[in-house]
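A.B. asks: Grabbed the feature section from TrEMBL, which reads as follows:
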type: BINDING; residues: Cys68, Cys72, His158; note: Cu cation binding site
type: DISULFID; residues: Cys68-Cys72; note: disulfide bond
type: DOMAIN; residues: 30-193; note: domain 'Thioredoxin'
type: SIGNAL; residues: 1-19; note: signal peptide
Amino acid sequence: MSKLSIALLAMTIAFSAQAADTLGLKAGVFDPPRMAPDFTVRGSDGKELKLSQYRGKLVLLEFGYTSCVDVCPVSLGMLAEARRQMGAQASQLQVIYITVDPERDTPDRMRNYLRAFDPTFIGATGTPQQMARVRQDYGITATKKMIDGSKTDYTVGHSSYLYFVDRKGSLRALLPFGRTAADVVHDATLLLKN
């Protein structure tokens, strides 16, 4: 288990009992902030994508997959609403949706899927090995489960957290599934000011 995975586990356990940092964030915080693990994968535009290329913007990292029928579309819809609520400030924010299903999530498929939520969202995919490394670096679990009676169709059970990466590339905060657009707007606005 990576150091970040251990830190995320400890943070999740303490999340409900711990007050947010002095900024007044609603999310659990990384204290002290630490550099977000960089990655190089394929973007939904078909080009190489590195997390570090978004320095200068607040980046929201969300993990999921395009065949998800429950948690993922709810999370993406909430993020699209948060961007709308942010108005002009939304131009300082980048949502990157990282697949947990690289076998099916091609750049084209991710681009078409994400466009339905917000055309500025970027998908991140790659080889199964690349994506397993990204998941490991961020403490995300993903388990493939075959659908009864099918030899080819499956679901992917996965953890669902929203990571806030500040303009300098540091992990600042973590929100679990169930957050609201208002929570994201609140924390994003505070992080953009600091």
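The backbone N, Cα and C atoms fix where each Cβ goes, and this holds for glycine too.
Map the listed features onto the structure and describe their local environment.
C.D. replies: Under DSSP, Cys72 (Cu cation binding site) is assigned to a helix (H, G or I) in the three-state scheme. Using a 10 Å radius centred on the Cβ of Cys72 (Cu cation binding site) and all shown protein chains, the other Cβ atoms total 24.
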A.B. asks: Once near-sequence residues are set aside, which residues in the chain of Cys68 (Cu cation binding site), 6 or more away, have Cβ atoms under 8 Å from its Cβ?
C.D. replies: Thr155, Val156
A.B. asks: According to DSSP, which of helix, strand or coil covers His158 (Cu cation binding site)?
C.D. replies: strand
